[in-house]
Amino acid sequence: MKLSNIPQRYVIVFLTFLSTSVCYIERVGFSIAYTVAADAAGINQSSKGTILSTFFIGYACSQVPGGWAAQKIGGRKVLLMSFVLWSSTCFLVPLDPNRVGLLVFARLLVGVAQGFIFPSIHTVLAQWVPPHERSRLVSITTSGMYLGAALGMWLLPALVEFRGPESVFLAEALAGVVWSLLWIRYATDPPRSEHPKAAAAGFGGALLPTNVNHHHKVTHIPWKKIMLSLPVWAIVVNNFTFHYALYVLMNWLPTYFELGLKVSLQGMDSSKMVPYLNMFVFSIVGGFIADYLITKRILSVTRTRKFLNTVGFLVASAALMALPQFRTSNGVILCSSVALGFLALGRAGFAVNHMDIAPRYAGIVMGVSNTAGTLAGIIGVDLTGKLLEASKLIYSDLSHPESWRVVFFIPGLLCIFSTVVFLLFSTGERIFD
């Protein structure tokens, strides 16, 4: 199969879109399969929260190293290595809730491997995507996360029901292998062009790894400037909030349906995938809106990022805080769809901003901010388990709406705080050469 008639940057975007889809199928899949296996084994909610959050510990440890490795070795190679590692782990390790040590080790290893993925993707996209296409093509890539989550919510409960929880691991490993073969076959580095417009705009071959680019001296990474930059911290804070909300919903919505509403995921129709499909659509729409506002000069890059970030996070905040008031599966799906959809819209603000302010170091800045997002997963997923265990002591079970109020109010309030931070400190201007 030849793809010579398709511009290579679109091939790269499509492949990175598939990579994020596969990664989130894995994450949702583990949550679904482990929830079923753990409930059958009588594991309590606090212990479940600990296991579910173990992935994020490994994920947090490899974010900044992932950005560094992508900068030095090349995002294309690092992305492939990470896929091979996590796919192999899924294939080799059995899903047994009673073998806690082995399961913790496996989830740590998968987390470390997947931690290299997004810094590598942002490094690759910074090399291939010109600024006037940046919002929509990056949004298309990241929208794969939500399509993957939607497909996981739709297909994997049935797979668990008919083939058992272990089958999910095997399906995920197979998907990882197939993607790796496609990446080997079709992915390339950009040509080492010194076109002045490309270099000035901050993309193309000038951003290839410095140790193999004979036209440039080895570049010193400005770690201190990155870590002390207020625009970087604006991205970091919003990444933390986005992932806190996303990971709490992704990991605990199955429990909310099963124990909060007494509704079986296996018995629900395809409506359970709607929240993630909504994220998929809103993520792409947000990217196209951003590029339209910028290219038509309706708003500056800075104002575009702030506008979409503010609208997305404030609407999501309202929906999150309203969610525990809904006591039917359709009501929860509607409310979580609004929350996740507008969070995805907000990504056209903070999540593309890495490439605005630091195209050469996009993978490194992404690694720094995604470390915060991963810490949100560790804190949010584990804290939610402990909050629910405490609620059981007060309300006797988790079907009472008050049992879940604090769980959803925390990310709602974080959204408001993050909006203020981004309005005050973010910029769309390039601040790192």
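Glycine is no exception: its Cβ is also placed from the backbone N, Cα and C atoms.
Feature annotation from TrEMBL assigns domain 'Major facilitator superfamily (MFS) profile' to 12-430.
Per TrEMBL, the feature transmembrane segment maps to 6-25 (among others).
For 78-95 (among others), the entry in TrEMBL reads transmembrane segment.
Taken from TrEMBL, the feature transmembrane segment covers 101-125 (among others). Within its own chain, the transmembrane segment (101-125) has Cβ neighbours under 8 Å at 12-13, 16, 19-20, 23, 26, 30, 51, 54-67, 69-71, 74-76, 78-79, 81-83, 85-86, 89-90, 93-95, 137-138, 141, 207, 354-355, 362-364, 366-367, 370, 374, counting only residues six or more beyond its boundaries.
For 137-156 (among others), the entry in TrEMBL reads transmembrane segment. If one looks beyond the transmembrane segment (137-156) by at least 6 residues along the same chain, the residues whose Cβ comes under 8 Å of a Cβ in the stretch are 9, 13, 16-25, 27-29, 32-33, 121-122, 125, 129, 168, 171, 250, 265, 270, 272-281, 283-284, 286-288, 290, 340, 344, 347-348, 351-352, 355.
Taken from TrEMBL, the feature transmembrane segment applies to 168-187 (among others). Long-range contacts of the transmembrane segment (168-187) within the same chain, counting only residues at least 6 positions beyond its ends with a Cβ under 8 Å from a Cβ of the stretch, are 3, 11-12, 15, 18-19, 22, 25-26, 29-30, 32-33, 76, 79-80, 83-84, 86-88, 90-91, 93-95, 156, 159-160.
Same-chain residues lying 6+ beyond the ends of the transmembrane segment (230-253) with a Cβ under 8 Å from its Cβ atoms: 27-28, 31, 52, 56, 149, 275, 309, 313, 316, 320, 332, 336, 339-340, 343, 346-347, 349-351, 353-354, 357-358, 365, 368-370, 372-377, 379-381, 384, 388, 407-408, 410-411, 414-415, 417-418, 421-422, 424-427, 431. Taken from TrEMBL, the feature transmembrane segment applies to 230-253 (among others).
Counting residues 6+ beyond its ends, the transmembrane segment (273-295) has Cβ neighbours under 8 Å at 28, 132-140, 142-143, 145-154, 249, 253, 301, 304-305, 307-308, 312, 333, 336-349, 352 in the same chain. Per TrEMBL, transmembrane segment is recorded for 273-295 (among others).
The transmembrane segment annotation in TrEMBL covers 307-325 (among others). Away from its own ends, the transmembrane segment (307-325) comes close to residues 238, 241, 245, 282, 286, 289-290, 293, 299, 332, 335-336, 338-340, 342-350, 401-402, 404-405, 407-409, 411-413, 415-416, 418-419, 422-423, 426 of its chain (Cβ-Cβ under 8 Å, at least six residues beyond either end).
The transmembrane segment feature in TrEMBL is assigned to 331-350 (among others).
Non-local neighbours of the transmembrane segment (362-383) in the same chain are 49-50, 52-53, 55-57, 59-60, 63-68, 70-71, 75, 115, 118-120, 122-123, 125-126, 221, 226-227, 232, 235-237, 239-245, 247-248, 251-252, 354-355, 410-411, 432; each lies 6+ residues outside the stretch with a CB under 8 Å from one of its CB atoms. What TrEMBL lists as transmembrane segment is 362-383 (among others).
Using a Cβ-Cβ cut-off under 8 Å and counting only residues 6 or more beyond its ends in the same chain, the transmembrane segment (403-425) has close neighbours at 230-231, 233-234, 237-238, 240-242, 244-245, 248, 252, 256, 260, 305-306, 309-310, 313-314, 316-318, 320-321, 323-324, 343, 349-350, 380, 383-384, 387-388, 391-392, 394-395, 397. TrEMBL lists 403-425 (among others) with the feature transmembrane segment.
Below 8 angstroms of C-beta separation, residues 79, 83, 114, 117-118, 121, 124-125, 128-130, 133, 137, 140-149, 151-152, 156, 172, 175-176, 179, 182-183, 186-188, 190 of the same chain, each at least six residues beyond the ends of the transmembrane segment (6-25), sit close to that stretch.
Across the domain 'Major facilitator superfamily (MFS) profile' (12-430), the model assigns an average pLDDT of 84.
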